[in-house]
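Can you keep this structure in mind? I'll have questions shortly.
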C-alpha cells in the first residue's frame, strides 16, 4: 500500500513538472500566433514559467486548507533556490553578477521575505495581506517592463516602492489594455475571412490540444502530489510544514534547478541568477498571494521562528555574495550548499 502511495507521489510530481514545461511552451507559441505582444507573454508566461509547479501545488494545498504545505512549499523553495540551486550552479561555473541584481531585484527579493515575516507575526496571512502580495507582484512586473525608459535604466528598489505607492502600475495596465484593444481592432479591419483557417494551420490545433492536455496534467499532478505528501506526513508523524519545506519544495523547484544549472554551464550566469531571484519574488508575491486568496493561511511556529528567518538570512548572504567582486565564486557556492545542508539537518531535529 505504501509503495503504491509513493509511486502516486512520484507520478504526481512528474505530471506537475513535465505538464508545466509543455504548458509554457504551447501557451507561448499560441500567444505569438495570435499576435499577443511580447509584454503580455512575459507578464503571464515567462515571469511565472518555472514557478508553475509551486503555484499549482500551493493552490491545491490551499483548497485543502493545508497551510503548512503552502507556506512550507514557498519558504522551502526559496531556501532551496539559493542554497541548493545557486550553490550547485556556482560550483559548476562562477556566475557573473550585475548591480541591478543587487539594488533592484535583490532588494525586492529581500523585501518580500521580510514583509512576509512581518505579516506572519500574528500567526496568519490574511486574505487582505495576500491580496497586497498579488498587487506587489503585478506592480513589479509592470515596473520591469514599462518603466525602463522613464527611469533611464535606474530601476532600483527605491524607484519600485515609489512606483507602487503612487499606483502607477494601474495607469500602465490601462494604457496597455487600451493599446492592445486598438491594435486588435485595426487587425480585424485589415484581416480577411481566411485568417481563421490560416491560424489553424501550422500546428495551431496541435498547440491548443497540448495546452489543454498539459493544463490537465498540472491539475492532476498537483492534486495527487499534495494528497500523497499529506498522507506521508501523517503516516510518519511529520508536521506538514516540514514536508512542505523539504519534499514538496525541492520537488517543485526542479524546473528552476534545470534552467539555472543549464544556463550556468553555458556561461549565462546572469540569466541563471536572475531566474532564481525572480522565482523567489514570484513565490512570495504571486504564489503565496494567490494561495492566500482562497483561505487565510495559518503560520506554524516553525515557519515563523525558524524557516522564515533562515530564508531571510540566506537571501542576505546571497546579496553579499553578489556584491563581492560582482561574481559568485565556486567557494561561495560551496558555502551556500553547506548552509542548505545544515538547514535540513536542523529542520529534522527540532
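Cβ from N, Cα, C; glycine included.
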Tell me which range among 162-182, 330-350 Swiss-Prot lists as transmembrane segment.
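Matching range for transmembrane segment: 330-350.
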Please indicate, using numbers and ranges, the residues of the same chain that are 6 or more beyond the transmembrane segment (69-89) and have a C-beta under 8 Å from a C-beta there.
54, 57-58, 61-62, 95, 113, 125, 226, 229-230, 240-246, 248-250, 252-253, 256-257, 260-261, 263-264, 269, 272-273, 276, 279-280, 283-284, 287-288, 291-292, 297, 299-300, 303, 307-308, 310-311, 314-315, 317-318, 328, 333-337, 339-340, 343
With pairs fewer than 6 apart in sequence excluded, do the transmembrane segment (101-121) and the transmembrane segment (276-296) have three or more C-beta pairs that lie under 8 Å?
yes
Counting only CB pairs under 8 A, let me know which of 101-121, 125-145, 202-222, 302-322, 330-350 has the most with the transmembrane segment (4-24).
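Against the transmembrane segment (4-24), the leading stretch is 202-222.
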Near the transmembrane segment (202-222), which same-chain residues lie under 8 Å Cβ to Cβ, leaving out any that are not at least 6 residues past its ends?
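Answer is 11-23, 25-27, 29-30, 33, 52-53, 56-57, 59-60.
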